[in-house]
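Colleague: Sharing the feature lines straight out of Swiss-Prot:
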BINDING   His56, Cys87, Cys90  Zn(2+) binding site
DOMAIN    23-129  domain 'CMP/dCMP-type deaminase'
MOD_RES   Thr27  phosphothreonine
REGION    2-26  region 'Interaction with SUPT6H'
REGION    39-42  region 'Important for interaction with CTNNBL1'
MOTIF     1-30  motif 'Bipartite nuclear localization signal'
Amino acid sequence: MDSLLMKQRKFLYHFKNVRWAKGRHETYLCYVVKRRDSATSFSLDFGHLRNKSGCHVELLFLRYISDWDLDPGRCYRVTWFTSWSPCYDCARHVADFLRGYPNLSLRIFAARLYFCEDRKAEPEGLRRLHRAGVQIAIMTFKDYFYCWNTFVENREKTFKAWEGLHENSVRLSRQLRRILLPLYEVDDLRDAFRTLGL
């Protein structure tokens, strides 16, 4: 586990949603864990992690939360803000993990979409997460602002958007929507059949 707050430069470098993210070989994951009790929720923990040699950050988080004694009678919501979306293998592990914890929900807000050489694997991993009930979205100004005020040693400086933040968020959101679109269409079809009583 890293220190509780990130340095400003590290956050801006790793989370910047630039089109070409050369040299950004680490993945950072900021997280919030909440327990939901009826209409209210309680923050249990927050912090950030980064990948370690030989272990992706998503798997580090799964190891971390596996050590908790999660009460099966309570609902938990985990929110991740990641510098890269999960690779296929991590997506598979996360989906499998969530199957064992039906009382835990996960939301992922990614700064950038990760694709390696096999451009079909990572999109399939994102679809697998979506099928497992994970809410996946691209970070917007609001998410960066929240992260800046929650996870960054900001010395009371206000978060300032960089040039292209909004445009890149829109572009990446469209790309993510195209990846998940077949699943949305199936969901829409199911809802239509349900409405018709079929």
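Count begins at 1; order follows the chain as displayed.
Using N, Cα and C of the backbone, Cβ positions are placed for all residues, glycine too.
What's the neighbourhood like for each of these?
Modeller: Packing around Cys87 (Zn(2+) binding site) is summarised by its Cβ count: 18 other Cβ atoms lie within 10 angstroms of its Cβ, all protein chains included.
Under a cutoff of 8 A between CB atoms, and with a sequence separation of 6+ in the same chain, the neighbours of Thr27 (phosphothreonine) are His14, Arg50, Asn51, His56, Val57, Glu58, Thr82, Ser83, Trp84, Tyr114.
Outside the region 'Interaction with SUPT6H' (2-26), and at least 6 residues removed from its termini, the chain residues within Cβ reach (under 8 Å) are 47-51, 81, 83-84, 111-112, 138-139, 144, 147-148, 151-155, 157, 162, 164-165, 168-169, 171-172.
Per DSSP, the region 'Important for interaction with CTNNBL1' (39-42) is made up of 0 helix, 3 strand, 1 coil.
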Colleague: Would you mind splitting the motif 'Bipartite nuclear localization signal' (1-30) into helix, strand and coil residue counts from DSSP?
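Modeller: Residue counts in helix, strand and coil order: 8 helix, 4 strand, 18 coil.
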Colleague: Could you tally the C-beta atoms, other than its own, that fall within 10 angstroms of the C-beta of Cys90 (Zn(2+) binding site)?
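Modeller: I get 24 for this one.
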Colleague: Cβ within 8 Å of the Zn(2+) site centroid (His56, Cys87, Cys90 excluded): which residues?
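Modeller: These residues sit around the Zn(2+) site: Thr27, Val57, Glu58, Leu59, Pro86, Tyr88, Asp89, Ala91, His93, Tyr114.
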Colleague: Which three-state DSSP class does His56 (Zn(2+) binding site) fall into?
Modeller: coil
Colleague: Please work out the number of neighbouring Cβ atoms within 10 Å of the Cβ of His56 (Zn(2+) binding site), leaving out its own Cβ.
Modeller: 18
